[in-house]
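These notes are about the structure you will find just below.
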């Protein structure tokens, strides 16, 4: 009696990519992109415009004292939602593109996770700023003027920390642009959009770090970034991945 080795077709398919998995990856990526975009719009743009007055510690402190819960829940809580979503999104992107070019997919993954880690640590700057500007009991012994100055310093540190993290996002976006452009199962125009977005992120972060007068992202940089970050998830949500072309890519991997 002889024992035959099981053929590859008889092996269990657990863990293998399937069209169903592909659709799940695409839908999860799309929903997380849109969630992050929505929360980031509120946390990174709307709230600062309401609460933080650049260069005016007294007015900023007054705004935070009037709405401390809004800053805690909206800004810090919103940032936590973004960071947790980023981790899942990064893994899903790697799963979708790992057969296209594993090295580039790893570069994209590591760069986005580094950004997420930097932004996570950067939350401490928000916490310290809130504590100082609102006169929390733990810093009650610090003179009022010093507290306000330190609070604004931590707000500036948060802004610069965010810019440093965004520099790594530019590397992620450029790697993602290559993966999208060469994959064959997504429109190449999305890859071109992410090239523009990656360059925009890089210019934006460099200008903020190196130029004192740079306080907001100009429209010619913000617009390509917004188009890429919205067009990609909407395509995945509405059209999805071209499964026959994905199969060709999988067989050639």
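Placed from the backbone N, Cα and C atoms, the Cβ positions cover glycine too.
TrEMBL: automatically predicted annotations, no manual curation.
Not measured: the values here are computed from a predicted model.
As stated in TrEMBL, the feature transmembrane segment covers range 80-97 out of the listed 62-79, 80-97. Between the transmembrane segment (24-47) and the transmembrane segment (220-238), three or more CB pairs separated by 6 or more residues in sequence fall under 8 Å, so the two stretches touch.
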